[in-house]
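Notes to accompany the following structure.
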Amino acid sequence: MTTLLIRGARPYGEDAVDVLVKDGVVAAIGTDLSSTAETIDATGLVLLPGLVDLHTHLREPGREDTETVLTGSRAAALGGYTAVHAMANTDPVADTAGVVEQVWRLGRDAGLVDVVPVGAVTVGLAGERLAELGAMADSAARVRVFSDDGKCVADPALMRRALEYTKALDGVVAQHAEEPRLTVGAQMHEGDRSARLGLTGWPAVAEEAIIARDVLLAEHVGARLHVCHVSTAGSVELIRWAKSRGVQVTAEVTPHHLLLTDACAEGYDATFKVNPPLRTAEDVAALRAGLADGTIDAVATDHAPHAAEDKEVEWAQARPGMLGLEQALSVVVGTMVETGLLTWREVADRMSVRPAAIGRLAGHGRPVAVGEPANLVLVDPGARSVVDPAALASKSRNSPYAGRELPARVVHTLLRGELSVRDGKVQE
Ligand code: DOR
Ligand code: ZN
């Protein structure tokens, strides 16, 4: 195993220290540490615990033309992640112990980040029968997060049963909150703009109605509930209310919902078609405020690679989804740190500590401290660059940030003391 001396890094953006990494753990932290080991000059770089994503679509098995566990792992490591939850809407769906173990094994073989499979809640994401939740939890993949993401568990009786089972497994249902009867044919946020553009609207109430129902169900069952990609001001209010009642609810927001609005639909460029849709500037402000005050626990990417033939088509025909892993931290720095809404320590909380806790991941989201696993990311906070979609590690090109200048750059990522990214390059 590698021994590395990281010189002059600033944990959580605070005072510079030297960090000795040995045998996969942080062996010492101090000023003027000396070692015969290889030295990394990290002067000026911010040191954080490795990021943890609760919501990544890796597309394997089934759509390896758009992403694989390996290419998605590269994108994740370049984004500063050391663990990602791989969503279950693959083909076949990850609704059995066999499929989740396959994804878990592919992640282990890639070896760049810990790939943690999410198990489907219902068989085939069909919303009719519960999948074998216990078998997935007991498998080598140790599934704790269950989600039909892409689809909502719409039947309230089934959702109640799912909460009861996941409670017994110390797991959590991650709900894609979308009342399907209110979003038939929906293309973008419902409002003045959808009317003017002639695109069917996806109303805020379709998300909020499910969240209201589910926090009440979670309270009734005494189970944990996680709300995926919260996108409206009303949803933030509902979650704030539920938390004040003591409901065990957690929530995530995506980088794109923190930065972009429904104005992106003006040019009918389907890169900006996503589910839930980009909302209004007022919603964006409420999401930022909710993330800042902790109502929203985590940033999760909803990294959703799609082939050109599914994106570079007419808006109504295009699939929803956008890339996120490689730019997530930059977007959070631009929207939350540079605006004074979050400190670096809070960035670590929202992008590493809390997502690891929600996913019940041991060894991730740990403090930068002696004896802890060396899952770490080093970030240049002063860097700025224009996103070049051709330079992405993802197999797909549907980045909503193409051509945009974003702050901060992930320089190095360490997984259990080994560099998965060195100076912005994947180490394989
Ligand atoms: O935009 C989205 N894309 N939202 C989802 O819920 C699913 C995802 C996908 O799988 O492409
Ligand atoms: Zn979703």
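Quick reminder: no glycine exception, Cβ is built from N, Cα and C everywhere.
The feature active site is assigned by TrEMBL to D302. Residues or ranges marked as Zn(2+) 1 binding site by TrEMBL: H55, H57, D149, D302. Sequence annotations record features per position, and here TrEMBL assigns substrate binding site to H57, L58, R59, N89, N275, H306, P320, G321. Annotation comment: TrEMBL describes D149, H176, H229 as Zn(2+) 2 binding site. Marked as domain 'Dihydroorotase catalytic' by TrEMBL: 45-233.
Features per TrEMBL, on structure.
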| residue | record | contacts (Cβ under 8 Å, 6+ apart) |
| --- | --- | --- |
| H55 | Zn(2+) 1 binding site | H85, M87, D149, A174, C228, H229, E252, T254, A300, T301, D302, H303 |
| L58 | substrate binding site | E67, T68, V69, G72, V84, A86, M87, T90, V103, V115 |
| R59 | substrate binding site | T66, E67, T68, G72, T90, P305 |
| N89 | substrate binding site | H57, A120, L125, D148, D149, G150, K151 |
| H176 | Zn(2+) 2 binding site | S147, D148, D149, G150, K151, C152, C228, H229 |
| N275 | substrate binding site | G150, E178, W202, P320, G321 |
| H306 | substrate binding site | T66, A318, R319, G321, S396, N398 |
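Under the DSSP three-state reduction, H176 (Zn(2+) 2 binding site) is assigned to coil, being neither helix nor strand.
Residue with the densest Cβ environment among the binding-site residues H57, H229: H57, by other Cβ atoms within 10 Å. Neighbour density for P320 (substrate binding site): within 10 A of its CB lie 21 other CB atoms from the protein chains shown.
For ligand 2, there are no nearby binding-site residues; that is, of H55, L58, R59, H306, none has a C-beta under 6 Å from one of its atoms. Ligand 1 lies within reach of N89, N275, G321 from the binding-site residues L58, R59, N89, H229, N275, G321, judged by a C-beta closer than 6 angstroms to any of its atoms. Across all of the domain 'Dihydroorotase catalytic' (45-233), the predicted model scores a mean pLDDT of 98. The Zn(2+) 1 site is defined by H55, H57, D149, D302, and by the 8 Å test on Cβ atoms against their centroid, the other residues of the chain that qualify are T56, M87, S147, G150, C228, H229, A300, T301, H303, A304. Take the mean position of the Cβ atoms of D149, H176, H229, the recorded Zn(2+) 2 site; other residues of that chain with a Cβ within 8 Å of it are H55, S147, G150, A174, Q175, A177, E178, C228, N275, P276, D302. In the three-state DSSP assignment, the secondary structure recorded for H55 (Zn(2+) 1 binding site) is strand. For the recorded positions D149, D302, the ranking by surrounding Cβ atoms (within 10 Å, all protein chains) places D302 first.
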